[in-house]
Amino acid sequence: MGSNAPPPPTPHVVLVPFPGQGHVAPLMQLARLLHARGARVTFVYTQYNYRRLLRAKGEAAVRPPATSSARFRIEVIDDGLSLSVPQNDVGGLVDSLRKNCLHPFRALLRRLGQEVEGQDAPPVTCVVGDVVMTFAAAAAREAGIPEVQFFTASACGLLGYLHYGELVERGLVPFRDASLLADDDYLDTPLEWVPGMSHMRLRDMPTFCRTTDPDDVMVSATLQQMESAAGSKALILNTLYELEKDVVDALAAFFPPIYTVGPLAEVIASSDSASAGLAAMDISIWQEDTRCLSWLDGKPAGSVVYVNFGSMAVMTAAQAREFALGLASCGSPFLWVKRPDVVEGEEVLLPEALLDEVARGRGLVVPWCPQAAVLKHAAVGLFVSHCGWNSLLEATAAGQPVLAWPCHGEQTTNCRQLCEVWGNGAQLPREVESGAVARLVREMMVGDLGKEKRAKAAEWKAAAEAAARKGGASWRNVERVVNDLLLVGGKQ
């Protein structure tokens, strides 16, 4: 006799990214996987990010494709932020989010629950919050909704943040006085006690700990984030286990079950069950200049230096000039992604030497580009990067060596691992000088240093491909996360 039990309700997963492109992208990738497996997905923007997208791209950027709208919706919650707040003011963003978002997110969860009554709409079965968005976990726990958390940066960055408390206990943070912020001896303090990263120095820890304020917003927020993540049902990391094995193993002693699913974009590319409709969702406030791809088509294999410092990093006019002069004299063709707001407070005029290279067809400067496609283009032979995690994952998947110029946050931690552990990159001096830029670019493009780094980059590319393909380690973890965790309400 057949069972008369009703079918299980459709899973309804709410995803809450931090309002930054590097955070939104992996959560949207996860949304694609969930949507393709039949889940209803609610993707939550804060007003700040939503308004920035509207201003830059129009309503089409935040409207789900018609083919996906039945089970995919965008919701927006207030965050107390003005559009005048620069996106690189991470402390200001984080402080406003944690002060202002809990109440509106609570209200959203209540409303989503009330919509179920009398309608064919499933209740919320799981909340996936960015680790930075601690209010999402708090509201879910209050409502009795299972929740898991997604850390969108590197595992080594997470381990660095996890040890902020230890830095405070050992008297290293806050810095005793402002002079220590630039004291090389102090910044070189060894941190052999960090498990899985015994080669770390104080300067390699995520930079938000560099403060003299005992009540610093970013330090206190980080401590709160780590406590919240430790209490979650599970933790998703967009990393390659083989790349960060020692670090992930060290994290396992502090956090709930960890699922390494990276590079998530590559897992999606090898998956036959990622929502194609949601691939059209635009998450960038910058318009991609695709003419760079045809420009690359005309360059020899491995000849082009690709330069991009991400969606948030900024530099001074003097630093931009030194980079420009270094690229102009490096001897290789270059593609430089120079955002309109990459220079702090002023528009910088590019030097004649660089403009001459552009006029001769040996250089191209664009405001934004389809980075994953650029990195995989046969003409590209080097990536000059800020060491943001999404950029490094894309470089790993493309097998590109990296010349690093880390700017803030865990980029310094990523850089140390890149140079000392993974072996597929080298570092530029923090004080940018055109001669050093040109010299290091040449060494990476045609010297023995570059040969060594390219060989290691090729090894990591193969490892990433193996993990992401069907049956690989990251592919299997994605299947576990989606099918065994998120689609059944975060139960284990």
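Cβ from N, Cα, C; glycine included.
Pulled from Swiss-Prot, these are the features on record:
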- H23: active site, proton acceptor (ACT_SITE)
- D130: active site, charge relay (ACT_SITE)
- H23, Q225: (S)-4-hydroxymandelonitrile binding site (BINDING)
- T152, Q371, H386, W389, N390, S391, E394, E410, Q411: UDP-alpha-D-glucose binding site (BINDING)
- N308, S311, W368, C369, H386, N390, S391, E394: UDP binding site (BINDING)
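According to its DSSP assignment, C369 (UDP binding site) is coil.
Each of the recorded positions D130, E394 was scored by how many other Cβ atoms lie within 10 Å of its Cβ, and the smallest score goes to E394. For H23 (active site, proton acceptor), other Cβ atoms within 10 Å of its Cβ number 24. Classification of D130 (active site, charge relay) by DSSP places it within a strand. Apart from N308, S311, W368, C369, H386, N390, S391, E394, the residues listed for UDP, the same chain places the Cβ atoms of F309, G310, V337, Q371, S385, G388 within 8 Å of the centroid of those Cβ atoms. Listed binding-site residues: N390, Q411. The one with the lowest count of other Cβ atoms within 10 Å of its Cβ is N390. Maximum intra-site Cα distance, UDP binding residues N308, S311, W368, C369, H386, N390, S391, E394: 16 Å. Checked against Q225 ((S)-4-hydroxymandelonitrile binding site), the recorded positions D130, T152, W368 differ in C-alpha distance, with D130 being the nearest. Checking each of the recorded positions (D130, T152, N308, W368, H386, E394) against the residue listed as 'active site, proton acceptor', the C-alpha distance stays within 10 Å for D130, T152.
Using Cα positions, the member of the recorded positions D130, T152, H386, E394 nearest to N308 (UDP binding site) is identified as H386.
Comparing C-alpha positions, Q411 (UDP-alpha-D-glucose binding site) sits nearest to S391 among the binding-site residues S311, W368, S391. Under the DSSP three-state reduction, N308 (UDP binding site) is assigned to strand. Comparing Cα positions, H386 (UDP-alpha-D-glucose binding site) lies closest to S311 out of the recorded positions D130, S311, W368, C369. Recorded residues S391 (UDP binding site) and D130 (active site, charge relay) have their alpha carbons 18 Å apart, per Cα-Cα distance.
Cβ neighbour count for C369 (UDP binding site) (all protein chains, 10 Å cutoff from its Cβ): 23. Distance from the CA of T152 (UDP-alpha-D-glucose binding site) to the CA of C369 (UDP binding site) is 21 Å.
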